[in-house]
Structure formats: C-alpha cells, structure tokens
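Copied over from Swiss-Prot:
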type: TRANSMEM; residues: 47-70; note: transmembrane segment
type: TRANSMEM; residues: 136-159; note: transmembrane segment
type: TRANSMEM; residues: 176-200; note: transmembrane segment
type: TRANSMEM; residues: 274-292; note: transmembrane segment
type: TRANSMEM; residues: 331-354; note: transmembrane segment
type: TRANSMEM; residues: 370-396; note: transmembrane segment
type: TRANSMEM; residues: 418-440; note: transmembrane segment
type: TRANSMEM; residues: 518-536; note: transmembrane segment
type: BINDING; residues: Cys560, Cys569; note: [4Fe-4S] cluster binding site
type: TRANSMEM; residues: 576-597; note: transmembrane segment
type: TRANSMEM; residues: 644-666; note: transmembrane segment
type: BINDING; residues: His655; note: chlorophyll a B1 binding site
type: BINDING; residues: Met663, Tyr671; note: chlorophyll a B3 binding site
type: BINDING; residues: Trp672; note: phylloquinone binding site
type: TRANSMEM; residues: 708-728; note: transmembrane segment
Amino acid sequence: MATKVFPSFSKGLAQDPTTRRIWFGIATAHDFESHDGMTEELVYQKIFASHFGQLSIIFLWTSGNLFHVAWQGNFEQWVQDPLHVRPIAHAIWDPHFGQPAVEAFTRGGATGPVNIATSGVYQWWYTIGLRANQDLYNGSLFLSILSALFLLAGWLHLQKNFRPSLSWFKDAESRLNHHLSGLFGISSLAWTGHLVHVAIPASRGQRVGWDNFLTTLPHPQGLAPLWTGNWAAYAQNPDSASHIFSTSQGSGQAILTFLGGFHPQTQSLWLSDMAHHHLAIAVIFVLAGHMYRTSFGIGHRLSDILDSHVAPSGNMGGGHRGLFETINNSLHFQLGLALASVGTICSLVAQHMYSLPPYAYLANDFTTQAALYTHHQYIASFIICGAFAHGAIFFIRDYDPEQNKGNVLARMLDHKEAIISHLSWVSLFLGFHTLGLYVHNDVMQAFGTPEKQILIEPVFAQWIQASHGKALYGFDVLLSSSGSVAFSASQTLWLPGWLDAINNNSNSLFLNIGPGDFLVHHAIALGLHTTTLILVKGALDARGSKLMPDKKDFGYSFPCDGPGRGGTCDISAYDAFYLSIFWSLNTVGWVTFYWHWKHLTLWQGNVAQFDESSTYIMGWLRDYLWLNSSQLINGYNPFGMNSLSVWAWVFLFGHLIYATGFMFLISWRGYWQELIETLVWSHEKTPIANLVQWVDKPVALSIVQARLVGLVHFSVGYIFTYAAFLIASTSGKFG
C-alpha cells in the first residue's frame with residue numbers, strides 16, 4: 001500500500017519534488033474550490049459540516065472556562081465581595097517557578113500561583129444568576145455534552161446518506177426563516193426567559209434552580225397581565241435606586257422595564273431593561289423570519305424583492321436586478337456580507353461594553369474593561385479586512401458581467417475611478433491636515449510657547465452629545481433642553497435615569513471631549529479611510545485595471561506576470577489585502593491608544609494630563625507610551641520579580657516576533673534561495689549532518705507566501721506587545 005503524500009487534495013502538488021509541496025499544501029488546504037475532484041455540491045457540504053465542528057470547539061472552550069474557574073478559581077469568594085476580591089482564571093503549574101515567582105503569582109486568596117481573569121466572565125456569570133461553583137460545573141458538563149453532540153452531527157453530515165443536497169443549501173428563504181426566527185428570534189426569547197426566571201430573581205436574593213423554577217413565579221401576577229392585555233403591570237414597582245444587588249433590600253417586582261441609565265450600586269444596565277430589550281428583539285426577529293415564502297406559498301420571494309429595487313427615475317440603472325442569483329450562487333459574496341456585518345457588530349460590542357456596561361461591577365474592573373475593548377476592536381479590524389478579501393475573490397471567481405448588466409454591482413465597477421480617487425483625496429486631506437496640526441503643536445511645545453498651539457474644540461460632536469442630554473457644554477438642545485418636545489415625551493419613561501447617567505462623571509457614557517479628542521478623532525478617520533481605500537481599490541480592481549486588463553485570469557494572488565511585462569508586480573487583490581492589514585493595525589493602534597489613555601486619566605482622576613498632552617505627538621510618546629511602560633521595563637529588578645514579570649517578558653517577546661516579520665517582508669526571494677542552497681551544500685559536506693537527507697529539495701518561499709509569513713509575524717508581534725503593555729500598565733495601577 002502506497003503511503004499517502006500530503007496534500008491528498010491535490011495530485012499535482014503531491015508530486016512536487018521540492019518543499020513547495022508543504023507550503024502550497026498548507027496555503028490551499030482551505031481553498032476547497034481548487035481541490036481535485038471538487039464539485040459545487042461537495043464544497044457546500046464540507047463547509048456545512050465544518051460549521052458543526054466550529055461550534056463544537058466553541059462549546060468545548062467555554063466548557064473549559066467554566067470548569068477551570070469552578071475547580072481552581074474563587075468564584076464563590078468573589079460573589080461575596082466583587083469589588084475587593086480579584087477573580088482567578090485558573091492555577092499556574094510551572095516547574096520553573098522558584099520561591100519569588102510562587103510568591104509573586106499567589107494572589108486573590110489562592111494557596112498557590114494563579115492567573116487573574118480579565119475576560120469579564122465572573123461579572124457575566126454573576127449577572128445572569130450563577131452563584132455557586134456547582135452552577136459552573138453544571139454549565140461545564142452541559143456544554144461538554146453539547147460539544148460532543150455537535151462533533152457527531154458534523155461527522156454525520158459528511159456521511160453519504162446524510163449530506164444535504166445543493167438545492168437545500170440554495171433555498172435562501174428557508175434559511176432566512178431558520179436563522180432569523182429560529183436562531184435569533186427563539187434564542188432571544190429563551191434568553192429573556194432566563195433573565196426573567198433566573199437572573200432577575202437572583203439579583204433580588206432569590207435562588208431559582210432546576211428544583212424550583214417551575215413552581216417559582218417570576219412575577220406575583222403570573223401570566224394574567226399577558227392574557228388580559230395589562231402588560232404595563234410587568235413594569236410596575238421596579239427595583240429602587242437604593243437596591244443592593246443580589247439581596248431583597250430595596251428590590252421591586254417589575255420584570256420588563258424601561259428605566260434607562262444604570263443600577264446605582266453595580267453601575268451596569270438594569271436587568272429588567274435588558275430583559276425587555278431581548279423580548280423586543282425576539283418579537284421582531286420571529287416576525288422577520290416569517291416574511292419570506294417557504295413551504296406555504298405565502299410571503300415574499302427574495303428574488304422578487306431585489307428585482308423590484310429599481311429606481312423609478314431610471315438614473316440608477318438596473319438597481320438590484322440580478323443580485324439574487326449572483327449572491328445565492330456565490331459563497332464568497334455571502335461570506336463577504338457576513339464578515340462585514342459581524343466585523344461591524346464586533347466593533348459596536350467594543351464601544352458599548354464600556355459605555356453601557358451590561359454586567360454587574362464590570363465598570364469597576366478597569367483591566368477587564370480595557371482588555372475587552374481592545375480585544376473586540378482588534379477582532380473587528382481583522383474580520384472587516386476579510387470581508388473585502390472575499391469580495392475581491394467574488395469578483396475574480398464568481399462575478400458574471402452578463403447576469404449583472406447595468407445593476408448596482410456593474411455600476412460600482414463602471415465608476416470605480418471616481419470612488420477610488422475620492423477616497424484617495426479624503427485620505428490625503430485628513431493625513432496632511434491632521435499631521436500638520438500635530439506637528440505645529442509639537443514645535444510650539446518644543447520652543448516653549450504652548451499658548452501658540454492650534455486647538456480646535458469639537459463643536460459638532462459636543463452638539464451631538466448635548467442633543468443626547470449632556471448639559472456640560474451649555475447647548476440648550478433636544479434632550480439637554482427641558483423645553484423641547486423630545487424632553488417632555490420621554491420624561492415619564494427612561495429619561496430621568498438616562499440623564500442622570502449621561503451627566504455623571506463616574507462612568508464612561510459620552511465622555512467630555514476637547515481639542516485632543518478632535519485631533520485623534522481625525523487621525524483615526526485618516527486610518528479608517530486609508531484602510532478602506534486600499535481594500536476598496538483591491539476589490540474593484542480585482543478583475544482588471546487599465547494597467548492590467550486581464551488581471552482576473554491570474555487569480556486572487558499572483559506575484560507578477562513574468563519578465564517583459566512591466567507594472568504587473570504587487571497589484572493582485574491579495575497584495576491589497578496584505579497592505580490593508582498594516583493600515584488596519586495602524587488604525588486600531590491609534591483607536592486603542594486613545595481609548596486607553598483617556599480612560600487611565602479618567603480612572604486616576606487626572607483628566608488634565610490627557611487634555612494637555614494629547615494635542616501634540618511628543619505628548620503621546622512621552623505621557624502615554626513611555627510613562628506607562630515603566631511597569632514593563634521593571635518586571636525584573638534588583639529586588640527580584642513581581643506579578644508583572646510575565647508581561648515584561650511577553651512585551652520583549654512580542655517585539656522579537658514583530659521584528660522577525662521584517663526578515664520576510666524586506667527581502668528579495670532570490671537572496672533566500674541562494675542562502676538556502678548554501679546551507680544545503682554545507683550540510684551535505686559536513687560529517688554527521690549529512691546523514692540527514694531531504695526528501696524534498698529545499699526552496700525559498702514564494703514572494704506571495706513570504707508576504708503572508710511576514711504579515712503574520714508582524715501582526716502577532718504587534719498584538720503580543722500591546723496586550724502586554726495594556727494589561728501590565730492597567731493592572732499595575734489598579735490591581
């Protein structure tokens with residue numbers, strides 16, 4: 001029996017006598033469309049089955065979180081005193097630890113070295129009604145079983161008799177019905193049920209478990225108000241402002257409210273407001289999922305909806321005609337839309353998690369807030385770049401000019417020059433003006449005349465904040481004007497709670513902004529527009545440009561079209577994606593620097609530092625980066641080590657990975673080929689070393705692959721470096 005040679009999905013690659021076999025095999029492992037013997041139906045079936053595997057991994061991971069906190073954490077102690085006990089993620093078992101290390105990492109009331117949790121899981125589990133380790137073990141066991149079931153389901157759907165057909169996958173209306181009504185709608189309804197039946201009673205000191213949840217009414221009147229139409233009863237008698245969370249002291253009976261603002265003690269949104277929100281979402285999505293025609297011949301066909309989207313003026317060509325077939329037959333288009341949506345949502349999660357904290361006491365755990373914000377912004381930036389990458393692949397592999405004649409897609413391609421040049425102009429304008437202001441202010445600081453800085457108040461943004469009810473700026477408008485219709489309309493509902501929150505300086509809702517915010521806002525706008533320019537140009541030029549009209553014939557990633565055809569290097573759609581990641585990381589750096597520094601000064605009661613130092617570049621370098629890195633360069637000192645030592649090491653390690661990236665990025669392929677050949681020669685001539693023979697002849701990475709390897713090192717190093725800086729500088733100050 002012949003041994004199977006990697007990659008099994010490509011006979012051609014498997015016969016390659018060089019190390020290219022390994023690298024190209026890894027690079028194309030997930031490009032199902034390019035595999036030998038692949039059919040359209042099989043691609044859909046493989047992706048469908050892999051979704052179950054993905055969910056299985058997610059459930060296993062969350063199960064592990066629950067299990068390790070229950071086993072090695074201090075959840076029950078934390079629940080007794082959330083503000084003073086540090087939450088433990090898990091124990092550290094490390095044979096290299098000497099006594100100083102053991103002492104440094106033994107904290108949070110533990111008996112040995114532990115890691116502190118900065119993910120917010122303690123706050124989340126506490127808010128949703130978990131109180132004991134047994135609750136965590138139960139959740140862990142349930143998710144482990146679910147994980148095994150999903151793994152089995154994935155395997156099952158790969159078996160011949162259980163593979164869905166292509167027509168099943170392309171039944172868009174039924175899928176929308178399932179996803180909107182089933183997944184979004186019913187799960188939101190179920191979550192409302194959990195909040196009402198378990199979380200809200202727990203917040204009022206009442207334990208509801210598997211043994212008593214069928215006999216414990218979440219509201220004294222039960223379902224009577226629902227059947228009689230007296231829904232307002234569920235909002236009457238809410239928790240009072242003096243309510244002590246997790247006790248009956250000051251608690252009410254309301255389960256679905258619209259109080260607005262935050263619970264005064266926990267500084268998080270009211271649980272009854274969140275239950276109301278999820279119920280509303282459930283109703284909307286259950287209805288939305290039933291708008292489309294499935295088995296019963298009622299409702300809309302998506303193709304009819306899209307085909308009727310043609311502007312009556314005739315000025316917008318074919319509108320959405322032909323889009324249904326195009327999208328429904330292109331997995332890359334669908335993935336692009338999904339990634340764009342999820343990326344945007346992920347960024348919104350980052351923004352709302354700190355400004356409107358949903359979990360009890362999250363607002364008091366500064367390191368966790370910083371970690372969650374940074375994590376979600378980084379994830380969002382990568383996902384959104386991926387949306388454009390798959391958009392470009394769609395244009396190369398799936399776009400049919402005949403099918404889309406004159407519609408919105410064709411029109412985007414027809415006037416791409418106007419789109420790209422406008423984006424280019426905006427990026428240049430933002431870049432030169434913002435940098436010009438920063439540099440002018442730097443020079444004025446350097447020459448000792450800070451009063452000559454150009455400082456611009458963000459009046460439009462302040463006006464928007466004022467219209468939402470912020471009184472500080474003195475704009476008498478909308479919600480900040482007691483005489484406005486908007487003010488009086490909501491006065492009896494959510495407005496008092498909201499106004500109290502927005503004008504309270506102890507939270508992060510609509511922070512006070514000034515000239516430093518104005519400048520960094522425009523720096524971030526520059527980053528966003530430049531990233532967008534690179535991505536949009538990459539997608540719109542993916543099929544061809546004036547320089548290379550036949551680009552689509554070369555695929556998504558190609559280095560050049562050989563010698564003798566100038567200008568064809570570095571213009572593939574992949575090159576645009578590759579460049580966009582650098583700009584994306586640059587932008588997310590500015591975003592997180594801004595958020596973190598502004599919050600550090602807010603938490604320390606030292607907002608003047610940000611206001612004064614953020615108007616010039618030297619202020620950012622000196623008073624944010626240098627000043628806050630002291631914890632990182634002090635991890636090891638003559639007095640031994642401390643609990644920040646690991647972050648000091650990660651900080652250095654991150655720089656090392658980042659720097660390694662440049663070895664792949666700033667080097668010509670021929671140089672590496674010559675170097676490898678020299679190394680191979682020296683091995684073959686050296687006794688003992690020449691006992692090891694290569695099966696594959698070593699060759700250098702292709703230009704495209706070296707770019708990928710360099711980009712990955714650059715990104716990973718960048719992330720490690722900033723993560724270490726963020727966590728060490730925040731936890732070093734606030735514990």
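Cβ atoms here come from the backbone N, Cα and C positions, even for glycine.
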Residues of the same chain, at least six outside the transmembrane segment (176-200), with any C-beta under 8 angstroms of its C-beta?
127-129, 208, 213, 216, 218-219, 255-256, 271-272, 274-275, 278-279, 281-290, 292, 294, 302
Would the transmembrane segment (331-354) and the transmembrane segment (274-292) count as touching if the test is at least 3 Cβ pairs under 8 Å, pairs 6 or more apart?
no
For Cys560 ([4Fe-4S] cluster binding site), the one of His655, Met663, Tyr671 that lies nearest, given that the binding-site residues are compared by Cα
Tyr671
Reduced to three states, what secondary structure does DSSP give Trp672 (phylloquinone binding site)?
helix
Chain residues outside the transmembrane segment (576-597) and at least six past its termini with a C-beta under 8 angstroms from it:
354, 370, 373-374, 377-378, 381-382, 384-385, 388-389, 392, 517, 520, 523-524, 527-528, 530-531, 534-535, 537-539, 541, 610, 614, 620, 623-625, 707-708, 711, 714-715, 718, 722, 726, 729-730
Highest-contact recorded stretch vs the transmembrane segment (136-159), from 47-70, 274-292, 370-396, 518-536, 708-728, CB pairs under 8 Å
47-70
Three or more CB pairs closer than 8 Å, sequence separation of 6 or more: does that hold for the transmembrane segment (518-536) against the transmembrane segment (708-728)?
no
The answer for the transmembrane segment (274-292), taking Cβ pairs under 8 Å and residues 6+ beyond its ends, is 172-173, 176-182, 184-186, 188-189, 191-192, 195-196, 199-200, 235, 255-258, 299-302, 358
To see if you understand the setup: which same-chain residues, six or more apart in sequence, place their Cβ under 8 Å from that of the residue listed as 'phylloquinone binding site'?
Ala700, Leu701, Ala706
